[in-house]
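J.: Pasting a structure here, questions to come.
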């Protein structure tokens, strides 16, 4: 029986995932992976359809709850929602006020996560370089796409939810960035701010459908080709580094649904070039310190997770 301390940790992990999902370019799936709950989350989600049919519809509520790891899912989801509700404005403000420091922190976080995921390979081999490269090229290509525009109607909300949630559970791919590419980031945020229950409901319905379908598919792929899938995920993270590179030159702008002028197309540049085109200091020392903080956070998380596993193992042996 897992107690309060365990689920407090799950809640904190959920808050970290929620904070990451708010930032276009950062994946909540990456946070789930580096905090050690990724495979548990996939298993729980993948179990929902069969458990619903076999247990819930037959009145076996307790068995259904156990099959889907219900307490874990509810606590994690609560953490994600609390984080989005309380930290979204803070993170948005920080991205405007301290963009280089915050993007450098996320760059370090993802960079260290690449090594963390690679270490999960059961049998590292030279051929795995191919799926790593494929994943990296695909993720890099996604980060270079310009913002488009999906019709922000009922179908648009539903489909964008289904697509974005798939990216959210993949380390290296950002669901919020996918919404940006689809042109649905601002409409979704507006629906949340205005508490438009109908549109939020359609978006969530799309998320549920996409999540249940994709989690089951991804879980199957991991069982059949564990190392190949992890290699692709490692590539996703490497390619995603382009999106969180702290120094970006804006090539074109667009007007969002709120009337604000926002970047439409950006390209990663060296700090010297950034200073030339923006007239702003590149803040390289700040960027280095923030990057080290991001790497350090992952390393500390690994150490804490390892210590927890050793304690649980020692307790089981007693």
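Yeah, the Cβs are placed from backbone N, Cα and C, and that goes for glycine too.
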J.: What range among 53-70, 125-142 does TrEMBL describe as transmembrane segment?
T.: 125-142
J.: Per TrEMBL, which of 176-198, 199-221, 222-244 is transmembrane segment?
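T.: That would be 199-221, the stretch labelled transmembrane segment in TrEMBL.
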J.: If TrEMBL is the reference, give me the range from 72-94, 256-278 marked as transmembrane segment.
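T.: Matching range for transmembrane segment: 72-94.
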J.: Quick check on the annotations: TrEMBL lists transmembrane segment for one of 100-118, 157-175. Which range is it?
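T.: Result: 100-118 is the stretch TrEMBL calls transmembrane segment.
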J.: Which of 31-51, 72-94, 125-142, 284-305 has the most Cβ pairs closer than 8 Å to the transmembrane segment (100-118)?
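T.: Of the candidates 31-51, 72-94, 125-142, 284-305, 284-305 scores highest.
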J.: Based on Cβ pairs under 8 Å, which of the stretches 31-51, 72-94, 199-221 lies most in contact with the transmembrane segment (284-305)?
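T.: Answer is 31-51, with the largest number of Cβ pairs below 8 Å.
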J.: Could you give the residue numbers and ranges of same-chain residues that sit at least 6 residues beyond the transmembrane segment (31-51) on either side and whose C-beta is under 8 angstroms from one of its C-beta atoms?
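T.: Result: 10, 13, 16-17, 20, 63-64, 67-69, 72-73, 76, 109, 112-113, 116-117, 169, 171, 211-212, 215-216, 218-219, 222, 233, 298, 301-302, 305.
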